[in-house]
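Colleague: Take a look at what TrEMBL says about it:
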type	residues	note
TRANSMEM	27-44	transmembrane segment
TRANSMEM	74-93	transmembrane segment
TRANSMEM	100-121	transmembrane segment
TRANSMEM	127-147	transmembrane segment
TRANSMEM	159-180	transmembrane segment
TRANSMEM	186-206	transmembrane segment
TRANSMEM	295-312	transmembrane segment
TRANSMEM	332-354	transmembrane segment
TRANSMEM	361-379	transmembrane segment
TRANSMEM	385-409	transmembrane segment
TRANSMEM	421-443	transmembrane segment
TRANSMEM	455-478	transmembrane segment
């Protein structure tokens, strides 16, 4: 089971209802703490780095062809089919029911991993894990319906850190229990089932949001009359802030107001939107967002690279199994996953201190780093040494996490919260559609059904092609900007005094 990359929201200006008060610690801290606990226990799965070994071992006794060509592709197909309806259901049901559905799906997945037998049963297991990954959007969207805008950046970091820490602790525990304590993989799955059960129980205590982005929001005209900027230090209203109206997307202020704002007058009331109107608004926003060339560029890289990333992490354990069979040798999958996650988190943190003109050099940077990713995958495939494979995998994950964070920031810079969710939802959907096509042709037994080494050679070539396309586009953009800068002084000189 492989978690997809995650999506974040950017911080906004602190705005609150005129008659409201600044959120006290318990108002936002309790739901944030509960959600972080849920994310930690839902990600604490010590058996996950050893999934392929478990399926090929005596517990399930499946063949390599069954695991790689018939079972793993089911996750890709189910994730793609479920993503859009879950995206709409998450907003319509106001997040919490979908979080509970994710927790229940995790329990079903690990219960079946313990006791289900046979190819068909494990394929159903992969379907439920596809539901788990499709419903992750509820985890990252829920908190924005509870807290105010000035807390978005803080709670986003808390929630994302909780899942990273949970995954890292789970990987380390799994490695220690297997290598030192000599525990069976069945026992690790029991721990994973216990952990996700705790997460499911925690989710019940989350407060139910009253608002959401699309189906349940406050009327624009009513909100704009009642919203004031609040001094968050002492909770005193300081009046209308003219700077607020200079924020990009002020005209779409309903997507930037606190979704949990209370009704303070008879005029302020919830507007429930029918699904046809929501879809029309989504289509209009889609056309507007992707009309920008920089937005289109970063989104194309996001979709294509995420497709390749999903494919590599889905089948990396299979490659390692072919390089060093786990039934005869000691493996360190858990330790490698923990190290790559920690170093990736460090790289993500460092992005905030990188000073680069991404508008000029962004495409060239994407090309060069995509080439590094292609090289890492190529080395993993051709150098049949497990330690070289481990090192290449760590580099692969660090570079991808670095780039996807930069792409996230570049895409989100000038988007409202509503369009942010739309763009990243569409990018992920395109990535899954491409991955489904790639899986169907390359991996699935009904297609070519290629062996794992040939698959990874194709994935390396795939990233090399991405690098080439963005290198050509980047060089063109740099030359165009350079010529524009040269023309500006000449025009100013030629103009009369």
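Note that Cβ sites are derived from N, Cα and C of the backbone, with glycine treated the same way.
What TrEMBL says about a protein is an automatic prediction, not a curated fact.
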Colleague: Who are the chain neighbours of the transmembrane segment (159-180) in space, where the CB to CB distance is under 8 Å and they lie at least 6 residues beyond its ends?
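Modeller: Same-chain residues near the transmembrane segment (159-180) but 6 or more away: 3, 6, 8, 32, 35-37, 39-50, 139-140, 143, 187-188, 191-192, 195, 330, 332-335, 337-338, 341-342, 345.
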Colleague: Are the transmembrane segment (385-409) and the transmembrane segment (332-354) close enough that 3 or more Cβ pairs fall under 8 Å, when only pairs 6 or more apart in sequence count?
Modeller: yes
Colleague: Which listed stretch (74-93, 186-206, 295-312, 385-409, 421-443) has the most C-beta pairs under 8 A with the transmembrane segment (455-478)?
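Modeller: Per the Cβ count, the answer is 295-312.
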Colleague: Considering only Cβ pairs within less than 8 angstroms, which of the stretches 27-44, 74-93, 295-312, 385-409, 421-443 has the most against the transmembrane segment (127-147)?
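Modeller: Stretch with maximum Cβ contacts: 74-93.
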Colleague: Where, among 27-44, 385-409, 421-443, do we find the most CB pairs under 8 A to the transmembrane segment (295-312)?
Modeller: 421-443
Colleague: Can you work out which residues elsewhere in the same chain, 6+ from the ends of the transmembrane segment (27-44), have a Cβ less than 8 Å from its Cβ atoms?
Modeller: 3, 99, 102-103, 106, 139, 142-143, 146-148, 151, 155, 158-159, 161-167, 169-170, 173, 192, 195-196, 198-199, 202-203, 205-207
Colleague: Who are the long-range neighbours of the transmembrane segment (385-409) in its own chain, taking Cβ under 8 Å and residues 6 or more past its ends?
Modeller: 5, 7-8, 10, 298, 301-302, 305-306, 309, 312-313, 316, 319-320, 323-324, 331-332, 336, 339-341, 343-345, 347-348, 350-351, 354, 358, 362, 365-366, 369-370, 372-373, 376-377, 379, 424
Colleague: Give the nonlocal contacts of the transmembrane segment (186-206) in its own chain as ranges (CB under 8 Å, at least six residues past its ends).
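Modeller: Sequence-remote neighbours of the transmembrane segment (186-206) are 31, 34-35, 37-42, 44-48, 50, 54, 59, 96, 99-100, 103-104, 106-107, 109-111, 113-114, 142, 170, 173-174, 177-178.
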